[in-house]
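Let me begin by presenting the structure, written as structure tokens, before commenting on it.
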Amino acid sequence: MTVVFPQAAGAAPITQDVLTLPRKLPEGGPINLVGLTRDQLRDALIAAGTPEKQAKMRVGQVWQWIYHWGVRDFAQMTNLAKDYRALLAANFQITLPEVVTRQVSSDGTRKYLVRIAGGHEVEVVYIPEEGRGTLCVSSQVGCTLTCSFCHTGTQKLVRNLTAGEIVGQLMLARDDLGEWPVQGAPKDETRLISNMVLMGMGEPLYNFENVRDAMKIVMDNEGLTLSRRRITLSTSGVVPEIARTAQEIGCLLAVSFHATTDEVRDRLVPINKRWNIETLLAALRDYPRLTNSERITFEYVMLAGVNDSDADAHRLVDLIRGIPAKINLIPFNEWPGAPYKRSSNNRIHAFADIIHNAGYASPIRTPRGEDIMAACGQLKSATERGRKSRAQIAAEAAE
Ligand code: SAH
Ligand code: SF4
């Protein structure tokens, strides 16, 4: 008998057997203020008894304490009356995901394993560089997509992060780096975390609203104040959300391109079966116009013998013609059981030269934090280890 899977009839199999959990928020108890947009914060303060007339001022004050000063305790909000502080403390909390472990690489890269509500875990990476520092944040626990070269894609358990859990990653990294301003001290303009990339675990455009709200908080001109041009969102190519990213977030865009024919891209980035190269490129052509933004970054992982030929480089240049772009070549980072090998240095440089000669910047990304498995595509939290197999659950049920 031939078994026909529904996917074979046309719909692309872009997800594997994943266990997608609903967003899990603690029920009852004080509401966490981290992650509320200004409007949501206003509503929450009013619901707790703040007179409407004062609401705007109170939002400004509380916002500044949380996101500018990094205060977690309402008692320290000294410009608020004591009884108002007590009202806040009775109704709200200011909490971040919990840092479970922190590893520091020999090159200075830091990787945090962070626990969120429900006991799930994600990874956050801080990459210090000359004159700047980049924080790589996660948008989901695991990822529903299954790019064949990506460690995160092998993690079966998936849950969207809340806006608070996304902003919280930046705040906990600032805690660790000691990067909150000190009251009364001269203003220090140097920033340890000067840039942020949504390139950790997960597909940010499959968690659009939470990512957007989190970025609104991060970009707000009071508080964390990272400019939209210092934030890069990387997507595997969720075409319908690309224009929305331009309109509702306005940050820089990176796209995981990785192949120059649909045949190869289908294998590497399976979402290509739903939105192929042509459809993706059409969405990308509109992006800079919609955001009035800079170039789009095309990420291209270098896999030996798979996508790294001279012909690939020439095809890539032809495909992206007309799009303001830079091509970021990522030497493949290995992980246990990975089915690919990294292209040789000579091959990567030859590929880069072809692109460069066609007039595009083609930087080769230096792998960072490889010794602590913090490099691109190596992130995978152990959450699923706690998960029991169907067989185990069935066996236990039968006991
Ligand atoms: N899910 C988003 C963002 C996270 S991945 C996306 O796919 O764009 C950040 C980048 O690392 C992506 O370009 C991804 O394709 C790439 N990547 C994944 N696994 C990798 C690996 N093992 N080696 C090198 N790059 C990898
Ligand atoms: Fe998900 Fe990105 Fe990894 Fe693909 S590369 S599986 S989209 S995290």
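Every residue gets a Cβ built from N, Cα and C, even glycine.
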Do you know which of SER234, SER309, SER343, SER344 TrEMBL groups with GLY202, GLU203, SER256, PHE257, HIS258, ASN333 in the S-adenosyl-L-methionine site?
SER234
Contacting recorded positions for ligand 2, chosen from GLU123, SER234, PHE257, HIS258, ASN333, CYS376 when the Cβ sits under 6 angstroms of any of its atoms:
none
Taking the recorded positions CYS150, SER234, PHE257, CYS376, which residues show a Cβ-atom distance to ligand 1 below 6 Å?
CYS150, SER234, CYS376
Work out the three-state DSSP category of PHE257 (S-adenosyl-L-methionine binding site).
coil
List only the single closest residue to GLY202 (S-adenosyl-L-methionine binding site), chosen from the recorded positions CYS143, CYS147, CYS150, CYS376 by CA-CA distance.
CYS143
Near CYS143 ([4Fe-4S] cluster binding site), which recorded positions out of GLU123, SER234, SER256, PHE257, ASN333, CYS376 have their CA within 10 Å?
none
If you count, for each of the binding-site residues SER234, SER256, the other Cβ atoms lying within 10 Å of its Cβ, which residue has the minimum?
SER234
